[in-house]
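Q: Quick one: structure below, then a few questions.
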Amino acid sequence: MSPEKYLVKIYPRSNSVNRIESMTHSDDAFTLGRRVLSPLPSVFDGAVSGLSAAGALSRLRVLTVEQNRLEAERSAVLTRLYELRDDARRVCEESSRRFVDDWDELVAEVGAALGTGRGAAGAALHRGLDLRERCPRLFELFAAGTVSLSVVREVLRASSAVLDEDVAAAYDERIAVWLAARSGEAVTARAVTDAAKAILVRLDADAARQTPPVAPRERLEFHARADGLVDLEAVMGKDQAIRLSAAVAPVAQSVCGEDGRTLGQRQVAALVALAEGYESLGCLCGRDDCDLRDARPRTGAVSQEVTALAVIVLNETDLAEVTPTDGEAASASASRTGADASCEPDLFMDSADAEADAGADEFAAIDPDGAHQPVPRPQPTEPQSTGAVILTDDPGISGLVTVAHARELIAASSTRWRVLGRRDPATGEVHVRGAGGYRPTWYQLLVMRLTYPSCVFPGCSTPSGRCQADHVAEYDHDDPATGGPTTAAGKHTPGNLVPLCGFHHRIKTETGWLSDILPDGTVEWRHPTGGIYTVPPGTARELLPGLEKIIWDAPEPTRPPTPKNPGGLATAATRRAKARTALRAQNRLLRHRRHEQRRIDAEIRARDQERREAEAAGEAYDGTQPLKPPPF
């Protein structure tokens, strides 16, 4: 499937209309047989249903102007918010925060309000400041609805390299005149870019921005940036992306802990090293005794085969859903004996338990060649989970996949098995070894990333695979039994681990943002100014119903160590954790009261409705009887 396609399933009301399986935005909807059969939302019905074709087009033009005006007003509000925060920071004392500053906090606040990530929120703030301070004439046209947000972006992007204030003022004047002369015309973004570039060439040739041409879908492009770096953009098939990611990861980790490069820098270096024929990086720690300081070239002319896809199976009985070939079975054997040595023990058993169960392992029988062959297991008392029971090692690349889709990916990549847990044949529950301390297990991180596919801060879309695991209720390092547990979602629990990108993890740690996890897995955020935001979990539990059966078998928390300063003052982190725990409990009580009040209000409305119906029928109404069930 090409990157531009998506699946659409339409269930027509008539058998005469063919079912549409897939389409693109460029397909002819008339030819596809799409019909408008459903009513409009009630808020639009009266104003839209009576429009003629000419009236609909006229209304679209009016709405476009209003949309442009509202976008301009949003930019104005952002500049006002920046102004208020700037005034406040000039009069406050120096902050004790170490990892975030006032700009970071403002960006997080704006991102939550706009429902966008860190980059988009920062760009919106800068756009508003540019309009207000550098391009006031363009801002006037924007506020009047004459130009659209896309036009404003192109104008500002073209002038981003202008440093001289006089040049910026002249540019604003000339581009505003050019746009005003074309008011009401359908001006394309390319035309605006060309006009802006022509104006800039006459004013400041060095500031004229060069933009790359539009490329086809599957491509590999290098884009030079103004800061001297290069953006590498690759659009490829999912199977190719999985293999490439699996090849880069071990090379990026082939340095010692004192190498000063970030993960991103090492990933770029790993990609280049692979292209140049190396299987490791040269460590840059600077130590003469470092065994990893020299890069190792690949031996032989043929590159090594990479096991790019690790198939995760919810429990060992689900292996029957996929029949492995002999090669896959051998790969599974290799995975269980050595490939996963750095990960959690297979089947989540300690070594002693594994030895005790070695003779009774019902997952596989080992033939003389060492390959694992699936054998039948006792059926649990409750039905087996069906559907999407297989997923890939990196949810950020492939997402949740069905068995059929997994077979396609398996055919394109070398494969190894990992088993998530063991099903209890009596109850159907899947028992998995949990964490006994602060650090979650590898499989807890996997379940967390499946439950929440992206950072759970409002508006952020950073994939969970690039996020850090955050304890919603703070973990107590001094007394783990009294703090938040290290557990992911499972049976009868939403867990206490959520993914947060590094930026928003620091925001939560050092600012007044407070998070809490609701029983259904929704993450609630509260801002000190009173804003409340909720972020729902993903669709993993609908696609993988077996996740509801996971029970994390964790050892009891260790006894609290002897305090280093008994009877002394609590640290700032301890005081903050206790204050947040108390505030979180208060918020839960308020939520319960609001829920109870909504239930009471709904009951009052229902009884009033029953009383009116009884009076209309001439019957006596008895308010002591239970409410009638709803008609559905």
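Every residue, even glycine, has its Cβ placed from backbone N, Cα and C.
Automated prediction, rather than curation, is the source of TrEMBL annotations.
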Q: Which of these ranges is annotated region 'Disordered' in TrEMBL: 323-345, 415-437, 461-483?
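A: Feature region 'Disordered' in TrEMBL: residues 323-345.
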Q: Grab the same-chain neighbours of the compositional bias 'Basic and acidic residues' (598-615) for me: Cβ-Cβ under 8 Å, and only residues 6 or more beyond its ends, written as numbers and ranges.
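A: Counting only partners 6 or more residues beyond its ends, the compositional bias 'Basic and acidic residues' (598-615) has Cβ contacts under 8 Å with 621, 623, 627-628.
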Q: Where DSSP helix means H, G or I and strand means E or B, what are the helix, strand and coil counts for the region 'Disordered' (594-632)?
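A: The composition, in the requested order, is 23 helix, 0 strand, 16 coil.
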